[in-house]
Amino acid sequence: MASTSKGKEPDNPARLRRRQNQGSHAPSLTSENNQNDEHIAEVYQSPRSRSQAEQLLDTPNASIIVVAVLTALAFALRFYKISHPDQVVFDEVHFGKFASYYITRQYYFDVHPPFAKLLFGLAGWFVGFDGEFTFDNIGDNYTLNNVPYIGMRALPAVLGSLTVPVVYAIMKESGYSTIIAAFSAILILFDNAHITQSRLILLDATLIFFMSLTIYSYVKFRKLRYREFTTEWWVWLVLTGVFMACTWGSKVNGILTVVCIGCAVLIDLWDILDYKKGTTMDYFWQHFAARAIGLILVPFIVYLSFFYVHFAILVQSGTGDAFMSPAFQETLAGNEMLMSSAEIRYFDTITMKHKDTKVFLHSHVERYPLTYEDGRISSQGQQVTGYAHNDTNNFWQIIPTKAIPETGRGRVVRNGDVIQLLHVNTHTNLLTHDVASPLMPTNQEFTTWPADDHKNYNDTLFQVALVDNVDGAAWKTKSGYFRLIHVPTKVSMWTHTTPLPEWAFKQQEINGNKNSVEKSAVWFVNEIVESGDPEGLDNRLDDKPHKQPKSMNFFRKFAELQLLMLQHNAGLTASHPYASTPINWPFSLTGISFWTENETQKQMYLIGNLIGWWACVVGLSIYVGVLGADLIARRRGMDPIPDPVRNRLWNNTGFFMLVWGVHYLPFFLFSRQLFIHHYLPSHLASALIAGSVLSFVLSDTINFPISLRGPKTRAQPTQYADVGTKGVVITAIFSLLMFFMFSFIAPLTYGTPGLTGDEVNSRRLLSTWTLHFAAKKTFDA
């Protein structure tokens, strides 16, 4: 480390020294009179004793100039050629579409919370977008369809640009020099991946911006810990909660920011609980209650408000209807369930569809083979299958198992009723029994039995179990989701997408699932083909074409949507050509092809600035190594690092490390599709760590103290960091290298200009990058 010997030195000047064995311990000091995590400095300095470069840059005016230049550059780089390409790029096909739905007020479903998409909808409305363009395909032209896409892309560009000064402010508030704060900001400023994400209608710029604001607010809050319960203390506590909710509301992985702040707060409360500091339990519970209000209650209310606005806007039937429950769908104007739902009565002839796979319950005269390929024996009964197309073999008549009146509402089929289902074309009753199904030996075979043969009567009895409905509720078409439970064996009629062999025409297997409440064993009546009621069908249809949507409690809608979001997010397991594993992300080994244009050989490829990303990896490695070496040295009775510097490394840089780890390590446990852009929040945290490590390497001291004195805290001896002229030189050289690398791969970032095959090859800096239009390598004979 660099030496800064201009200031006064303590009596023991050695950086690596033995601990003094003391016969007695000094009395413990309470948190009210000692800034316990920033001990008395071992190196005292005068601000005038620092290098000229440090003194020049460490003035308010110099700091303003530096952050202004960084911010201006950030806006310039992110708005440069933002109109290119004038086509739908990558996930704009999703998030642009969702913005259009807000403008047309059509309900949609997505795995991510709505906050960032609401902002896109607002931006689109503000610039005059009418929502008619639906972003159907990557490559669809904005200009030809008169879409004001630049205004919509400007939103993430602004937020991505503002992230740079927020990173700078985090470092300054954490006590680092202006040049160190600029270093961390430059890692984000010239990063190609951050710039790419910030120029398109994507969610990550919003996520990262509010995550950085959350970090900034929490740092400010912690600096006020000796002025607890003051107005300013409460303001930064609540702002931390608000920004945290905005992060969570922007994208589903924003929940990791909530976990991160939660971990930091638990560590903080654990420290307050220490009886050696003289604190009482009343004092502890006051702090606990304050944090519960600011970091649990307030964020939850803010998060709820996003969904309240979401539901208030999306009141028309749309593409997301089918994901929701019948009760939810009936709250949407124009929904098919709302408009076409009719009560089902005994002797009605109906068609039934499986909710998930949308196949009809079907039967035909062909029978199961006597033996299957694995040697098992069937009943040779009539085949019952799932068929994707409309057909008369899908017609089933509902037969009562109890006495019913000739007319009136006593003929309505209700939740819990036991029925028989008669296959109309073959005059046989649906049946299941203790015979293994063709494809699943653990599940029961479904077949039929002649209606005039009562020998197996009990095996033809099924109970209608409506989903989320009370006993006695009427069974309805479209909205009456149900399970069909076999009375004797309690299996539930179920299907799956694996097709049967040729002997069943590759239709879907229908079998009996022994889990009677299996969530995928849900069906609905598609239509009433023929009424068996003397009163006919017309009197049952709600003949009110302008029927008003039903109401549903907001919290029920919220809970239903949250559960579906979690389920569908976990279900994104299909392979993708640009999916990658987390171990590759810190090194920027793989990227994502966002957009290509064959005629001009232009392409947009998401990849990080290698110099910046690898510098962050080096910073992370040095940080872990320094802490490890310090722990070993202290174990052997040596103090290699002064207490203020050590506390800054553990408390402040340790918090940045917590942000990095919480936003990165959980992805190793995920089985869903993963992409390099999932690492961008952790990359921002690693930029903060890299700046902190650079400060540690260049300066023996830190700016101390940085926390604001409380009314009962005593003044601490002041010291100042001094990264010197070498800090300016290193940062300047590093910035030039970052800019050179950024410029070199800028054609991949901006999607222009087009590159020849050889130029593409030259920019393929790693063999793992999958770029388009690369020239084939040729070899001389």
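From the backbone N, Cα and C atoms, a Cβ is placed for every residue, glycine too.
Pulled from TrEMBL:
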COMPBIAS  1-14  compositional bias 'Basic and acidic residues'
REGION    1-38  region 'Disordered'
COMPBIAS  21-34  compositional bias 'Polar residues'
TRANSMEM  62-80  transmembrane segment
TRANSMEM  107-127  transmembrane segment
TRANSMEM  147-168  transmembrane segment
TRANSMEM  175-195  transmembrane segment
TRANSMEM  201-221  transmembrane segment
TRANSMEM  233-250  transmembrane segment
TRANSMEM  256-273  transmembrane segment
TRANSMEM  293-315  transmembrane segment
DOMAIN    341-401  domain 'MIR'
DOMAIN    410-467  domain 'MIR'
DOMAIN    472-528  domain 'MIR'
TRANSMEM  611-633  transmembrane segment
TRANSMEM  654-671  transmembrane segment
TRANSMEM  683-706  transmembrane segment
TRANSMEM  727-750  transmembrane segment
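Using DSSP to sort the residues of the domain 'MIR' (410-467) gives these counts of helix, strand and coil: 6 helix, 29 strand, 23 coil.
When each of the listed stretches 147-168, 256-273, 293-315, 611-633, 727-750 is scored by C-beta pairs under 8 angstroms to the transmembrane segment (683-706), 611-633 comes out highest. Here the domain 'MIR' (341-401) is broken down by DSSP into helix, strand and coil counts: 3 helix, 29 strand, 29 coil. Against the transmembrane segment (201-221), stretch 233-250 shows more Cβ pairs under 8 Å than any other of 233-250, 256-273, 654-671, 727-750.
Between the transmembrane segment (293-315) and the listed ranges 107-127, 175-195, 233-250, 654-671, 727-750, the one holding the most Cβ pairs under 8 Å is 233-250.
Counting Cβ pairs closer than 8 Å and at least 6 residues apart in sequence, the transmembrane segment (233-250) and the transmembrane segment (107-127) reach three or more and so form a contact. Per-residue pLDDT, averaged along the domain 'MIR' (472-528), amounts to 94 for this model. Residues 56, 154, 157-158, 160-165, 168-169, 172, 178, 181-182, 185-186, 189-190, 195, 198-199, 742, 750 of the same chain, all 6+ positions outside the transmembrane segment (62-80), place their C-beta atoms under 8 angstroms from a C-beta of that stretch.
Secondary structure of the domain 'MIR' (472-528) per DSSP, as helix, strand and coil residue counts: 3 helix, 27 strand, 27 coil. Long-range contacts of the transmembrane segment (654-671) within the same chain: residues 211, 215, 218-219, 253, 256-257, 259-260, 263-264, 570, 573, 582-583, 585-586, 620, 623, 678-679, 681-682, 685-686, 688-689, 692, each at least 6 residues beyond the stretch ends and with a Cβ under 8 Å from a Cβ of the stretch. Using a Cβ-Cβ cut-off under 8 Å and counting only residues 6 or more beyond its ends in the same chain, the transmembrane segment (175-195) has close neighbours at 53-54, 57-58, 62-63, 66-67, 70, 73-74, 77-78, 160, 163-165, 167-169, 208, 588, 606-609, 612-613, 615-616, 648, 652, 676-677, 680, 683-684, 687-688, 690-692, 694-695, 699, 702-704, 706, 721-723, 727-728, 731, 734-735, 738-739, 741-742, 745-746, 748-749.
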